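I have a structure here, written as structure tokens, and I will follow up with some questions on it.
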């Protein structure tokens, strides 16, 4: 019995299609559910952005958890400032109301004596023992609550420093930047203190007063961060070995923080190692003059615009977890686009970044006109 031969070479079925490196960044449009591709991509992302080690002494804090903590602290601090401002205004109104009748009594008594007494002559005033004490507050004026400072209260204005230039009062976390001083001045997270890792090698006073205040304190934590976990992991391990139990490390550092929150949390210009590299072949290289990096501002609190941007990117990061598939998002957006008065303008808050679009706001016309996107 003869062996039946196949038509053609069977090696053609096992031959792999050559891949073009120019289009390796292009992903499949239909990508739903769990797959081996997603699992491999997740492992590659972990190896690329994180440096996990066995038996880590310190705890890790996710970037999204840190953003939620910042929003809560800022909102509570703003409410406390509003209540404090109202109380100060009410106390000032009460003080001004009580000082007016006292000022009238003092004006009638001329600052000394009773209202019925006559003012002494200039000669008697000079020869008297109390010469030169006319402008001073008398016993009666002091008892009634009017003194020298109260009389000059309207002339001298109090110069109080702006509270927005100071850190949040009773902040539950202490944020430490373990990079060198130059990197801190170029770029850092708003509200972070500069604490280079070389400070831990000091023989005397390696910790500041703030660190000693937050060390193992109830309801407070210490957070360390750097660019890519190289320095922060070493500093966190050393501090944990020295007895710090409430120490956390920002997982991923500025590199992951810049990917998930490009605006709002960081002040200054990001270093080149933390910026996202464009995929090959996605855009042509244009010869443009390099702009010098802007230094970081001396900023300790987040503005309302910063908080809106943080909330926007936080919703974008948590959005795919709420919706199981992209196909359902596209269908829902197509139905919304047919209704006059679409709700696409409501997805982006006022003051948020205009360059990032929400996938829910894309209409069906965009999907049909540009199928390659």
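Note that the numbers count up from 1, one per residue, in the order the chain is shown.
Every residue gets a Cβ built from N, Cα and C, even glycine.
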Please identify the range among 197-255, 315-373 that Swiss-Prot labels region 'Disordered'.
315-373
Of the ranges 89-127, 128-166, which one does Swiss-Prot list as region 'Disordered'?
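Swiss-Prot lists region 'Disordered' for residues 89-127.
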Give the residue counts of the domain 'Rhodanese' (169-266) per reduced DSSP state, in the order helix, strand, coil.
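DSSP classes over the domain 'Rhodanese' (169-266) add up to 37 helix, 20 strand, 41 coil.
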So what's the average pLDDT for the domain 'Rhodanese' (169-266)?
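Across the residues of the domain 'Rhodanese' (169-266) the model's pLDDT averages 91 on the 0 to 100 scale.
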